[in-house]
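In what follows, a single structure is set out as structure tokens and then discussed.
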Amino acid sequence: MSVETTDLLDVDDLTAAELEAVLDRAAAIKAGEDDTDLDRQTLAMVFEKPSTRTRTSFETAMTQLGGHAIFLGPDDIHLGRGEPVKDTARALAGYADAVMARLFDHADVEELAAYADVPVVNGLTDDAHPCQTLADLLTIREAFDGFDDVTVAWVGDGNNVAQSFVLGAALADLECTVTTPPSYGVDPAVMDRAAELGPAPTVVDDPHDAVGDADVVYTDVWVSMGEEDVREEKLAAFEGYQVNADLLDGSDAKVMHCLPAHRGEEITDDVIESDRELIWQQAENRLHAQAGLLVELLD
Ligand code: CP
Ligand code: NVA
């Protein structure tokens, strides 16, 4: 094991060298050059929110690695009806070799990690989505044959996916420009953390300026899980931030999206279906990136 951290609550739990080790391991597994066997180890997967990719990719990764994953949705365990996080953590750690959790409150995944004496992986909270960033970086590294001179423009909401991405981008030495509506920016504390790790992300007001000559334009939904009651307010605030043909006019940038996509809101169908997209490679890479992470944490 070359990764010393025991938990992945956000990307900067990894050093730059550890991030590279995870990506290298992921690439080797993807290429069929690493046959690490997790030998019946079990991953408990706790979900307070829905998931297509995170659930399926973690479960598939554990199967392919010779282990097993247990899906624990909100109606399956007592966490959904009031059993404390710290009690859930200690019980699950008594059975499973690692816990992956998708929770609303980031403080809850921190508490889970504090009480579980097995590795805890954040499968998305309101504040962070580090596993998405691992797949994003693997995808960028594949598409551009490394990270040298690659610039990424983040266009849209500055919450969980964006926050982990700016941290990962800094660790990977990528230039990153962020453009969001004024009240929906990346937390300044996260921007400061990123600036400590690598090239400081730049904030740009106008999405056209952000796209400029970026190599990648990356966006995420405008209405995140749990934000349905502020949907109309957010749709109004994000007007002008859609990734569409007009925004990309004159640019040869590739386009990334963590998915699920809401076509006609943050991105248009023609952009998703164009030859700019890295989106399906990005989605598939969730499997390989997490396999790399799991073997680094558990092998
Ligand atoms: N990108 C992502 O985490 O997708 P899911 O919500 O489907 O897991
Ligand atoms: N920001 C989105 C990401 C989904 C993977 C959400 O939290 O719903």
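The backbone N, Cα and C atoms fix where each Cβ goes, and this holds for glycine too.
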Out of R231, R286, TrEMBL lists as part of the carbamoyl phosphate site with S51, T52, R53, T54, R102, H129, P130, C131, Q132, C258, L259 the residue R286
Per TrEMBL: L-ornithine is bound by D220, S224, M225, and from N160, N285 the site also lists N160
Across the domain 'Aspartate/ornithine carbamoyltransferase carbamoyl-P binding' (7-142), DSSP labelling yields 68 helix, 20 strand, 48 coil
For N160 (L-ornithine binding site), the three-state DSSP class is helix
Cβ atoms other than its own within 10 Å of the Cβ of S51 (carbamoyl phosphate binding site), all chains, total 18
Distance filter, Cβ under 6 Å of ligand 1; input binding-site residues S51, D220, L259; output S51, L259
